[in-house]
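Scroll down for the structure; my scribbles are underneath it.
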Amino acid sequence: MENALTARDRVGVQDFVLLENYTSEAAFIENLRKRFKENLIYTYIGSVLVSVNPYKDLEIYSKQHMERYRGVSFYEVSPHIYAIADNSYRSLRTERKDQCILISGESGSGKTEASKKILQYYAVTCPASDQVETVKDRLLQSNPVLEAFGNAKTLRNDNSSRFGKYMDVQFDYKGAPVGGHILNYLLEKSRVVHQNHGERNFHIFYQLLEGGEEELLRRLGLDKNAQNYQYLVKGQCARVSSINDKSDWKTVRRALSIINFNEEDIEELLSIVASVLHLGNVQFASDDHSHAQVTTENQIKYIARLLAVDATAFRESLIHKKIIAKGEELNSPLNLEQAAYARDAFAKAIYGRTFSWLVRNINKSLAYKGSDIQSIGNASVIGLLDIYGFEVFQHNSFEQFCINYCNEKLQQLFIELTLKSEQEEYESEGIAWEPVQYFNNKIICDLVEEKYKGIISILDEECLRPGEATDMTFLEKLEDTVKNHPHFVTHKFGDQKLRKSLGRDEFRPLHYAGEVNYSVVGFLDKNNDLLFRNLKEVMCDSGNPIVHQCFDRTELTDKKRPETVATQFKNSLSKLMEILMSKEPSYVRCIKPNDAKQAARFDEVLIRHQVKYLGLIENVRVRRAGFAYRRKYEIFLHRYKSLCPETWPNWDGRAQDGVAVLVKSLGYKPEEYKMGRTKIFIRFPKTLFATEDALEERKQGIATFLQARWKGYVQRRNFLHMKHSAINIQSWWRGNIGRKKAAKKRWAVDVVRRFVKGFIYRNNPRCPENEYFLDYIRYSFLMNLRRNMPKSVLDKSWPVPPPSLQEASELLREMCMNNMVWAYCKRISPEMKQQLEQKVVASEIFKDKKDNYPQSVPRLFINTRLGNEEINTKILQNMENQALTYAVPVVKYDRKGYKPRRRQLLLTHNTAYIVEEAKLKQRIDYANLTGISVSSLSDNLFVLHVKCEDNKQKGDVVLQSDHVIETLTKIAITAEKIHNINIIQGSIKFIVGNGKEGIIDFTPGSELLVAKAKNGHLSVVAPRLNSR
């Protein structure tokens, strides 16, 4: 906590005890304001936590924050609700004494949220097991259920607790939460039937209508519109922007399941809730005798079905009153006003009893399941008191009177225990106690609860006396009995000024929190809390198990008059005070910053009023009764030892002696401090502040010194580490190199030995002596083969294999060739395939037979040498639509005279055509083509031999083509005459016609020459090429 003192000017001090002007209310408020502005909502008064409701979500409740406070000393961290929770838990574990945390403050100050945060802290930080996790879940989930049935929106608070709650959380010897128990106090049942303007009924009604499933609402006879129910419209505030009833409904349903309510229990519980809504819609009318009669029969049927009672009996119980006089039973009819009273009384009774049943069943779910007596005996508890805050409304009635009486008792307990704990600490430390003046509210508690003369006793007496007792007769008796009390006044005994602010039906006690006007209207009815006997009888016969448990039949036979509500509440408070007095208390005082429920708004007038009536200034004065600050010697010495040369850096003696030396060095004056048995007490905050400022200055020098030492240490550590690492690396590397060399030598010797032996036995069958050598030879050959593989099918190179691998080498060679061929074939296109097929045919026919064949090999064969535009369309039409496969320009030599003429040779699938421009000169069917002759020289002439029996034919045809190899290959393939091509050396004879024969003489020469010789032959001179 001392760490925050350096920022005290901006964010205030974390402990009000450290305020210099601690008696100043303005200084107190200003410190609250500074912290509230910085979202620091928690501040200490010694061990008391003051909490200001921020009215917004703050990022200070995560698991990381919980871990920060877990197991840490109370003053080592900033103020927080978790610090209070952890301090109580650690005290429970170490001292084995039951603890309690008292949360107080006015309505809307955040008490309920504080209790939930404490439960969440225990759920997260305490030891866990499967059983413990179940208990944790049930403890946490009991909150939304109780809030739904016991909380409501008021003018001051959208989630105001309308009942008091004290919860014991039980822990086993390991510190794990293993059970719990809840006590509830004074549920505000009147809210069921009436709400002030701007307020709502209990949350559960709106949650059921807004979030309930259609089928559920149908079974309960409800619809979603809250405006249709009389008990929900009186406050004219059914919807609230800050409340999500639909989402809350899902939370409540899930919570009911977690705390062990089955579906039947939930259905029966909701049936009662729905019956209350229907009950509010029951209407009456007067008959001729002014007796009340029910006019809404449907509502009666719904209620009877939901509560599982007889409809007729229930209707009669609402409009008649059973009176037992001298052993005789009489049914007295009710008028309209009485019937409405009976209806509302029953609604309040059944809701109040159902709430009590709900708490009892939650307690069964939370009950400690210790398996043996020892386990039960070792269980300790931490109590959480979340009870209604002090309330002052425009109209204050019986409920506000009871609530404020409860707050008076808690304030009295707080003062007593605070003073007591302070006095005990001073006495245990051997320091004289200085009495503190404070307002003792015992006089107000006595005004309310004193026997015979207290307000409760007078109210009970008026309720029980025979005759016509009314609220006004109660007020008159109150005035007669306590009119002289200094803290009590009524309109009758007030002065002129006071009477203007006090009604004739009101009385005003002076509470510790201020004056409150209470209207006595309804005091007697609410205190009696009467329910007509015949309504009880009908409910005792209910088939709804919950209703049956809520209305015990012994009530009908018990002759003893039940205690009044006020007396029950007083007795419950007395028992609660005993419980709290038996435990070690911790306090959380909650403050509401404004009435508008707005974030970041600080209403100084409202806060000053709360600070005053909560007695916070008195609390600071008690804590500062002589000394503002106290710490154990060990903690004080550890923090401030650097300020004294004799205690820095370490003190070897007792901590108390070290502190004595330290404060002497700091120059503390005797009146500024006292030395206790285990603690040092500092009287003035300025003394502590001066010490803290000196420490902050000293920290700078220490930080510089530590930085220098640390940097030197780090550099030396790094150097030594590097040196050590270098030596290790050198050592390892040398060893590694040496080991590698030795291993290599051993390996080399072994290899040489095996290699030599293998060489000697290399020609023997495989055996241990030669297997290494043979493997090496095989490996070497394969590696050499891998590097020298043929690159194409034309590459015939192949490494020479060793004798032992001859057969394997041939197989590999064949596989390699097949693979290359397969890969090559896979890559070629259909066009290239056709080209190769033609080239293969050309090779078969002309290779090594005709001189100009080699020049044709690298040249691609063209599909046609003439385009369609070069061939006359009439010719194409005369071809009888035969598909043209090849066309080439040629030179035709006449049979007589051998005159050359330009022609076109056109090939189809069945016929060859010789064409002269637009005239078809000759048609040669392939069937009549007997052969083809060509010379072996480099000329381009060839002869097509045709059968002469066909009159259409004119004899053989002599042609010349510049692409003779391509042309003849195409003819051979198309006409299927591959084996009919004759390559002739010397002369070629051919038929001219009419049985005559022509001769072509081929002779080698220097250049190509075609001419008619003198002997009548066609002479062809062709150069001889060396390529063949």
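Each Cβ is built from the backbone N, Cα and C atoms, and glycine gets one as well.
Swiss-Prot lists Gly105, Glu106, Ser107, Gly108, Ser109, Gly110, Lys111, Thr112 with the feature ATP binding site. A helical conformation is recorded for Thr112 (ATP binding site) in the three-state DSSP classification.
Taken from Swiss-Prot, the feature domain 'Myosin motor' applies to 12-696, supported by sequence analysis.
Annotation source Swiss-Prot lists domain 'IQ 2' at 722-751. Tertiary proximity for the domain 'IQ 2' (722-751) is limited to same-chain residues at least six positions away from its ends with a CB under 8 Å from its CB atoms, namely 772.
Per Swiss-Prot, N-acetylmethionine is recorded for Met1, and the stated evidence type is similarity to another entry.
Taking the Cβ of Lys348 (N6-methyllysine) as reference, residues of its chain lying under 8 Å away and at least six apart in sequence are, in sequence order, Lys189, Ser190, Val192, Val193, Asp529. In the three-state DSSP scheme, Lys348 (N6-methyllysine) falls into the helix class. The N6-methyllysine annotation in Swiss-Prot covers Lys348, and the record cites similarity to another entry as its basis.
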Cβ neighbours within the same chain of Ser109 (ATP binding site) - under 8 Å, at least six residues apart:
Ser51, Asn53, Gly389, Cys590, Ile591, Lys592, Gln610
Counts by DSSP class (helix H/G/I, strand E/B, coil) across the domain 'IQ 2' (722-751):
30 helix, 0 strand, 0 coil
Glu106 (ATP binding site): tally of other CB atoms within 10 A of its CB:
23
Additional residues around ATP, ordered along the sequence, whose Cβ is within 8 Å of the centroid of Gly105, Glu106, Ser107, Gly108, Ser109, Gly110, Lys111, Thr112:
Asn53, Asn157, Gly389, Cys590, Lys592
DSSP state at Ser107 (ATP binding site), helix/strand/coil:
coil
Only counting partners 6 or more residues apart, tell me which same-chain residues put their Cβ under 8 Å from the Cβ of Gly105 (ATP binding site).
Ser51, Lys111, Gly389, Phe390, Arg589, Cys590, Ile591, Lys592, Gln610, Leu614
Long-range same-chain neighbours of Gly108 (ATP binding site), Cβ under 8 Å, sequence gap at least 6?
Asn53, Thr154, Arg156, Asn157, Ser160, Gly389, Lys592, Asp595, Lys597
What mean pLDDT does the predicted model reach across the domain 'Myosin motor' (12-696)?
87
